Amino acid sequence: MPQLRDSGTRSLHATEPVPSAEMDGFCRIFGVETEYGVAVTGAERPVDAGQVAMTMFQPIVSRSRSTNTYLTNGSRLYLDVGSHPEYATAEARDPREALAQDLAGEHVMRNLALKAQRKLRESYGAHATIHVFKNNVDSAGHAFGCHENYLVRRFVPLETIEHQLLPFLITRQLYTGAGRMTPDGFQITQRADFLDEAVSSATTRSRPMVNTRDEPHADPDSFRRLHVIIGDSNRSQWSTWMKLAVTHLVLCAIEDAFRHGTPSGFEHCAFADPAAANRTVSRFLDDPHAELTLESGESVSALGLQRRYYAAVKAFIETHVDALASSLPATTIDTIMGEWSRVLDALERGAYDALADRVDWAAKKRLFDALKRRRPDVTFAQMEQLELDYHDIANGRLYGSLVARNQMRELLTGDNVEYAVHNPPTDTRAALRGRFVDAALNVGAQFSADWTHLTLTAPERREAILLDPFEAEPTLGFEQLMEALN
């Protein structure tokens, strides 16, 4: 195996290359990282959010001696900078599986919050309530993220990601944006006012839309991990699934173009000013026909540019039907394209209410519009509270009531989510990681893990390296590790 050349450390040594069997096709690894916001209301005295987050993670620390751990479903659970609980899904081959793992993260966070709430009430009163927000901006204006991860063939240059993919990522927010009420009006995205660069390797001193730090968590000679920052955290299951699914198809077209030296159809889509275009798209409802300036000097609306991407992807699919069909185990290409076409048609008609059962911003807009009709004197602060309730996965009621009244589509059942809480995807290396973590916990062994390593730290150190994220079959090193564990 080659040396793993991640940024920061490129210290994984091995003896021979292990090329992935999936390098030549369109199969992909998907992942979603979600940072959650934490707040407390009803306490008899002030409670620090960091203290609440640590209380939530106390069961994790007791079990793993750390606030950074991997779970039996292969996912990562940890406290991020600023006391934001974060959940990173296990590697998935299909958007539907990635959605299940993301919802499992909601389930885990909700359980941690409700257990911590019971403990908190012993010291802060019976009405102390923990809120865990799956959103991207808090009431003080601090932004935090939802990051998508896509494994991309390394022969695609980063410049192409910026020029051909980024315009798609910006304009897909027409149907994947979570929406946000601001003092100046309603925006269809949460983070447009906070993202200031197109691409960058930094995430602290700048806020890029795509992060280029080279950490593939795979064979670095074959793949790069595309780290998308621009997306919102979604409550809608459809939106989470859709943003992964359509982005996969666009990436397939880009990869195929570079593989064969042919045009992708996206060569002339780059924005002259991506940050300005992003802010304009976020204010789509102010002017749905607002023109965005391309590098070429041409102007096009956000919807018009999405139509171009749709047409190019449709033409690409017609000549790659079988290869694309085999790239996704649980999602059909016809389903993705049908949903994409219908949502673009609804946007063109201005039929935003027709999207309210699947698009977060449309659902929230319908709620706000109905509230303003009933109560013309409603204040911004009251609408802000309503919005926070929509995103509260611990004690919020609004989103659940929409689901209960069949006003929000669900793609997965409660049983699907419960299964994903305890079980990793079976067709990626997450299956091996989950098996190892489960066995180590059962015998009380000291261990550590990351995306490419599994380590037994005592009584003697043993390690297995899992460099291929597509490979779910045990390696010799993994089998030896499990023997030592047992």
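Cβ atoms are placed via backbone N, Cα and C, with glycine included.
Under DSSP, Asp80 (active site, proton acceptor) is assigned to a strand (E or B) in the three-state scheme. As annotated by Swiss-Prot, active site, proton acceptor applies to Asp80.
Marked as Mg(2+) binding site by Swiss-Prot on the basis of sequence analysis: Glu33, Tyr78, Glu86. For Glu86 (Mg(2+) binding site), the number of other Cβ atoms no farther than 10 Å from its own Cβ, over all displayed protein chains, is 20.
A C-beta separation below 8 Å, combined with a sequence spacing of at least six in one chain, links Trp451 (ATP binding site) to Arg76, Glu91, His217, Pro469. Per Swiss-Prot, ATP binding site is recorded for Arg76, Thr89, Trp451, and the stated evidence type is sequence analysis.
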Inset, instruction - Report, in whole Å, the straight Cα-to-Cα distance of Asp80 (active site, proton acceptor) from Glu86 (Mg(2+) binding site). - result: 6
Inset, instruction - Please name the residue among the recorded positions Glu33, Asp80 whose C-beta has the most neighbouring C-beta atoms within 10 angstroms. - result: Glu33
Inset, instruction - Rank the binding-site residues Arg76, Tyr78, Thr89 by the number of other Cβ atoms within 10 Å of each Cβ, and give the residue at the low end. - result: Tyr78
Legend entry - Maximum Cα-Cα separation in Å among residues Arg76, Thr89, Trp451, which the record lists as binding ATP: 11
Inset, instruction - To the nearest whole angstrom, state the Cα distance for the pair Thr89 (ATP binding site) and Asp80 (active site, proton acceptor). - result: 15
